[in-house]
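Going by TrEMBL, these are the annotated features:
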- G82, R87, L136, Q137, Q152: S-adenosyl-L-methionine binding site (BINDING)
Amino acid sequence: MFDAPAKEKTLYDATWYSDAQSYWDTVTPTVNGMLGGFAHISTIDATTSLSFLGEFVHGLKGRKGVIRKEPRIGKSYACDCGAGIGRVTKEFLLKVPFERVDVVEQSAKFVEQARESYLKREIEEGRIGEIMCAGLQDFVPEEGKYDLIWCQWVLGHLTDDDFIAFFQRCKKGLKLGGIIGIKENNTSKDLVIDEQDSSVTR
């Protein structure tokens, strides 16, 4: 007898979200786990994000300190979408610094690690607002709350329809002048499906 060939994953099949959940349930709740074994890039990742966002939150100064561009957004409240254990919150958003950051993460295991260990000090200091255990397909931000909604290496888990709906909801969650930040991998060719973690590179 021959074993039946493994079923090839199709784009956005019925188990798209549950398969992703099952994958992340196997991942260790550490920085190395969040980065797929590439913990060594964490510092440079955060540093480049700080550099990129700097002009938006601090403005741009020219020679002799002359202001060339005024800051575009405030620094009171940010939201970290698909936060894992809170690596981006801790190493980037709170160093901008935003006064407070909400965390959205679908894995209960990662949320527990954030609460009990990784972000414990920041929580005690009152710098972490809400910690929401939810997938982005279900996340509905409070209207007019955020200066910045940051999405990093997570949007590939959303189907196309949920991707669009997510941004429509996030737009309503921004303060006047607020922005949505996106840091994602993309492809110059056709869509690339990752069957292991149930995600797509657009």
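Just so you know, glycine gets a Cβ as well, placed from its N, Cα and C.
Automatic prediction, not curation, is the source of TrEMBL annotations.
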Have a look at the binding-site residues (Q137, Q152) and report the one with the fewest Cβ neighbours inside 10 Å.
Q137
Within 10 A of the CB of R87 (S-adenosyl-L-methionine binding site), the number of other CB atoms across every chain shown is 24
Within 10 Å of the Cβ of G82 (S-adenosyl-L-methionine binding site), how many other Cβ atoms can be counted across all chains shown?
24
Residues near L136 (S-adenosyl-L-methionine binding site) in space but at least six apart in sequence (CB under 8 A):
C81, G82, V104, Q106, C151, V154, L155, H157, L158, D162, F166
Longest inter-residue Cα distance for the S-adenosyl-L-methionine binders G82, R87, L136, Q137, Q152, rounded to the nearest angstrom, is 21
